[in-house]
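So the structure is just underneath, and the comments pick up after that.
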């Protein structure tokens, strides 16, 4: 249906595009003439246009021949199958044209593909279907007995609605011995009888005569009408009335009211008495004149009896008779010219109208119409216009106008136009006619879908359920119908290694995005891809937008203690000299968290201790320090449980167990060797054990650090290959440890070992870091710092 509609629309455009050329050319071509006798029955054959135009029947049907008329009524109809031009109805020449001869009805013939335009006319031929009729069936003629032979007496004429030879041809009078009748012709072509006296009358012999006047037309056979003429023979009256002027010319506006004084005629009679009394009357007035004017018989004032209409009759020739009391009369002629006033508004006849029209086609013909005005002169001149703010224009050819688009339209800016065609004449006052029409604009796919955002950022928390709705994209299309229906799709990723089709999917109808599988922040922190939106137009238009998916970390990893190792083997023992000052660094708990952000921010606290208050843990970095001075009363062995907790919700934690051994004589960085050294065998054995233990711990610690670094680097490499990894960042809370450096120890611990001699027990006497904990030159400040030790070092003491 849509394709068919577009085809019809194109055909109309082609037709109307050539119409102006056809109209201008048609004015110069000789019109084709046809004729038909009036009173011919409707549907009667006039001509075969196919033969007249030299077209075969198939070609005639293909070219869509049409017959149009400038008037509001077309009296002809065209059979599209046969090409026969037929009458619509029975034609009455007298109703169509009155006394106008010839009676011609004009029409136009339009052909399409290619466009042609012919002027044609149909002449309605008069038949003798009306008989002459005398308006006055009886006429009285007063004739003085003193009238000499040859005196003429004009009689009232008969009326015949037919024209040409079917109109009145002559008059005859019944046989008599005194009168004969002559047929006279007026200036307007109408014929009237004139009674001529052949033999003088004698009132004493014959006071009156009765004659029959017959009017004959020229038809075949002729028709006739009769009237009775009564002739009254009068005594002698030798002076006839005379008008002041034999001819009067007056002009009167067609809008003059009934009763308006047209003119006053005046006649005088030199006779006196009864023979000098004059009466005025309309002489030989037609039915139309008798209905339109009246004359005062005493004063000679001619007045209007009904409203004039310039469009029907432009002038009247009125004969006035002034008769005295005797037999004499005088006559004059009054020519009354009707002045046109602007009393008819212009008329608009719509021949073709197209709606809707495509938005991207300039100079598309929207409407074809004709204008006319029954007035004349300036009152009949017409101007045609539309609103100035519309993208349409009018082109004219004769009295035809074409409304067409001035430029390509945009349906998205305006889907319809209300056009008012204003037709105004140039009369005073000006009259106008307005025709309103609504033109709909058909949509063309000239707008691509537009996303509401150029890029979208979606957040998905890791460990999501498959098929989770993670967000939506939206695009709109300013077109309508199928041109505005949007389909969404995933575009191929720029990174060929990104398994996009296994990560997300999109609903083609509404743009909803779904995660196809559970995401792991530690494996993939984020990725980006492009989505496309295409409409259903022809050709289809599309656009695209960028979508970023950020995987939000969930606290799904507990802290992992790197040092001291918690592998269930021999516990790690830290040696602390009893002479250690408060704040002495015992060791440092090192831990990492596989999560990120605040889920990886770690804090440390002393969960359990053999002797509460002796040791404390620095909450920020996990350093274990002495909280006070050691005494001889303190136990030699201590077991500490350090809790490592992240800042996730809910938080996760791990526990590190430390063994601390308090050792005598371990208070100075370097102690002198005893005077009596142990035996060589005992010293060698103890040294070997100590070196092996220290090497094992150091190797295991170094291996753990390297393994952790390798794992982190491997994960970052994998995340970079899948997509850009976006890790949330934020300020580090003051009470948490920054895990920069992948959780490795921030200080390298080095130990020196000394064996005490003389006891013979190979007792381990000295082990401490070479990095001093406090400046040795300021013992006073160290003691002062003990008073604020927990605040300065952030210990968590049990």
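Easy rule for this one: first residue shown is 1, then count along the chain.
Each Cβ is built from the backbone N, Cα and C atoms, and glycine gets one as well.
According to Swiss-Prot, the feature signal peptide maps to 1-28.
Here Swiss-Prot flags 29-690 as topological domain 'Extracellular'.
What Swiss-Prot records for 36-134 is domain 'Cadherin 1', and it gives sequence analysis as the kind of evidence. Averaged across the domain 'Cadherin 1' (36-134), pLDDT in this predicted model comes to 81.
The residues of the domain 'Cadherin 2' (139-243), classed with DSSP into helix (H, G, I), strand (E, B) and coil, number 3 helix, 54 strand, 48 coil. Swiss-Prot lists 139-243 with the feature domain 'Cadherin 2'.
Residues or ranges marked as domain 'Cadherin 3' by Swiss-Prot: 248-348. Break the domain 'Cadherin 3' (248-348) down by DSSP state and the numbers are 10 helix, 46 strand, 45 coil.
Remark: secondary structure over the domain 'Cadherin 4' (353-451) totals 4 helix, 50 strand, 45 coil, with classes taken from DSSP. The domain 'Cadherin 4' annotation in Swiss-Prot covers 353-451 and is backed by sequence analysis.
When Cβ atoms from all protein chains are considered, those within 10 Å of residue 418 (N-linked glycosylation site) total 10, not counting its own. Taken from Swiss-Prot, the feature N-linked glycosylation site covers 418 (among others), and the record attributes it to sequence analysis.
Packing around residue 436 (N-linked glycosylation site) is summarised by its Cβ count: 8 other Cβ atoms lie within 10 angstroms of its Cβ, all protein chains included. Per Swiss-Prot, the feature N-linked glycosylation site maps to 436 (among others).
Taken from Swiss-Prot, the feature domain 'Cadherin 5' covers 456-561, and the record attributes it to sequence analysis.
With a 10 A radius on its CB, residue 567 (N-linked glycosylation site) counts 9 other CB atoms from all the protein chains. What Swiss-Prot records for 567 (among others) is N-linked glycosylation site, and it gives sequence analysis as the kind of evidence.
The annotation domain 'Cadherin 6' is assigned in Swiss-Prot to 568-671 on the grounds of sequence analysis.
Look at Swiss-Prot and you will find 712-798 tagged as topological domain 'Cytoplasmic'.
A gap of 95 Å separates the Cα atoms of residue 436 (N-linked glycosylation site) and residue 567 (N-linked glycosylation site). Most Cβ pairs under 8 Å with the domain 'Cadherin 1' (36-134) belong to 353-451, among the candidate stretches 248-348, 353-451, 568-671.
Each residue contributes its Cα atom, and for residue 418 (N-linked glycosylation site) and residue 567 (N-linked glycosylation site) those atoms are 88 Å apart.
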